[in-house]
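Undergrad: Sharing a structure here in structure tokens format.
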Amino acid sequence: MAKGLWGLVALLQHASAFYVPGVAPIDFAQEDKVEIKAVKMTSSKTQLPYEYYSLPLCKPEKVVYQTENLGEVLRGDRIVNTNYDVRVGVDQECTILCTQPITSEERDAFVKKIKEAYTVHLLADNLPIATKWKLEDDVTQYEHGYKLGIVDGEDLFINNHLELNIKYNKQFDDVLGEQYRVVAFEVSPKSVATTNPGDDNSCSIDVNDKHMKIDDTVSQISFSYSVHWEESQIRWASRWDTYLEMGDVQIHWFSIVNSIVVVFFLAGILAMIIVRTLRRDIAQYNKEDDELDEAMEETGWKLVHGDVFRPPQYSSILCAFIGSGVQIGLMAMITIVVAMFGMLSPSARGSLVTAGFFLFMFMGIFSGYFSGRLYKTVRGQSWKSAAIWTGLLYPSITFGTCFLLNFFIWGQKSSGAVPFTTMLAILCMWFGVSLPLVMTGYYFGFRKQPYEAPVRTNQIPRQVPDQPWYMNSFVSLLMSGVLPFGAVFIELFFIFTALWENEFYYLFGFLFLVFIILIIACSQIAIVMVYFQLCAEDYNWWWRSFFVGSGSAFYVFLYSIFYFYTKLEITSFVPTLLYFGYTALITLTFAIFTGTISFYASFAFINKIYGQIKID
């Protein structure tokens, strides 16, 4: 069994670095033009992406924007052509891109973006540009994009010269002959004070290597570039490895081991409860001799059998949250599995977001079905209004928050602002696809037989005795949330880094394993907490079981505050608002998902234990 476990872990490790290239390779002949396209400019200090031409950079005669998918639009990508003239296999020492006159307002715009540490992102053959750094001991490190400029004390310098290093490997075609494939796109940005243009746009960099300082005396900036082609043994199918490799794989292993320890700890507690305590309780409750009356007088979970399936308050809202949790969980599971097997290629930017968005829409039918059947189980009558709650509650909170934040992004003139037409399209999909699917699923779920309770419910509610302090709802939430959060918090660091620091995340093998561990941990802790609650003769477990699971989301939000103050350098109001606004949505989504897991685990546990006892 140990060999099988480590074999699974090894497979997941391999899957974490596996991907399908996504598109067929493009073969270039000698001296064919390679299009250099601009994506956007980003900064972890502001969290506001901007179009490449939001600054007065060198423009071609005709600016052409590439058609983008939904994920790219939501990420703020605005892919556009540039006037770099790069030819396959042709080295260029120094070429003037343009000499751009700038006004005082444009100079101030450069100053602002350099101070905010903006990074420029370019593409060559759909491959992102990366800045290559040589560290100590000949260790090579890559940074996505290149810095727009340099801050040196009070002085600011713009990186106006790019040394492009493009790696290729050769393929031989019987018909076309020797073909080239781009396998790496590296850059060394420089700030140079002067260039000496020739008649053919050639130039030479000042031998003193002075920097191009941005101050009040600057009225124009010369942008230039050089190109060097280098043959490489990198296969085209592996050209994304440089961007996807993570230097902290050992930390991921630590995370997995830590999570497994948490699961085994909870499993031990659960086994002790079920194997020892429950078996003893059930045997005692099922006695049919003279000791029955004495057993019935004891405190315990059997005494609330007549109230444990009493319908909760606000059952339509609870069912709406549970339905949304099913929708979120199925969307996340399918997306992670598909990504783990390499079907969401990193070369298809935005495909992960797009896939998740459409999966959430189409999972509405399962949301409606499970919510509808649960609503009938708790004896709900107005299934249509309950279905509307399920279809609108969580999406309306998400859409409303994003719509409000979008006004602030619009005010900053950022490309991260979702266009009005895209918002209309999302609304049409919500009301034209997701909501009808939820209503359809609710109809069929409500028509099904309700989940059958193993015991009858008394007409008169039993009085709940005073509870000890540790059974307080908030205390229970705090206690129950620690262990599931402990199982995922290391992986959460890498996800936050990808979201807020413009890094690639593609370790979906690890993420899948952590996802499964989270489900198991939430289920186990929910069963333990609900058992203790029933033993204290408190039968109001419906909402409590949901909040017990969502307690880990409270720690996720606390961690997001810690991450904000220790890892990010955000100081402005709008970026702070965006960070905490989107983090609140992440926390809510996580709470609904984990709450749904714990609810169903508790529901199955309660049905099982009360089905094992004899009731007169």
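A Cβ is built for glycine as well, from the same backbone N, Cα and C atoms used for every other residue.
TrEMBL entries are annotated by machine, without manual review.
Sharing the feature lines straight out of TrEMBL:
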- 1-17: signal peptide (SIGNAL)
- 253-275: transmembrane segment (TRANSMEM)
- 317-344: transmembrane segment (TRANSMEM)
- 350-370: transmembrane segment (TRANSMEM)
- 391-411: transmembrane segment (TRANSMEM)
- 423-446: transmembrane segment (TRANSMEM)
- 477-500: transmembrane segment (TRANSMEM)
- 506-534: transmembrane segment (TRANSMEM)
- 546-565: transmembrane segment (TRANSMEM)
- 577-606: transmembrane segment (TRANSMEM)
Undergrad: Answer with yes or no whether the transmembrane segment (477-500) touches the transmembrane segment (317-344) by the criterion of at least three Cβ pairs under 8 A, sequence separation 6 or more.
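TA: Result for the transmembrane segment (317-344) with the transmembrane segment (477-500) is no.
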Undergrad: The transmembrane segment (477-500) vs the transmembrane segment (391-411): three or more C-beta pairs under 8 Å (separation of 6 or more)?
TA: no
Undergrad: Is it the case that the transmembrane segment (350-370) and the transmembrane segment (423-446) touch, counting contact as three or more CB pairs under 8 Å in which the residues of each pair are 6 or more positions apart?
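TA: Judged by the Cβ rule, the two regions touch, with the required three close pairs present.
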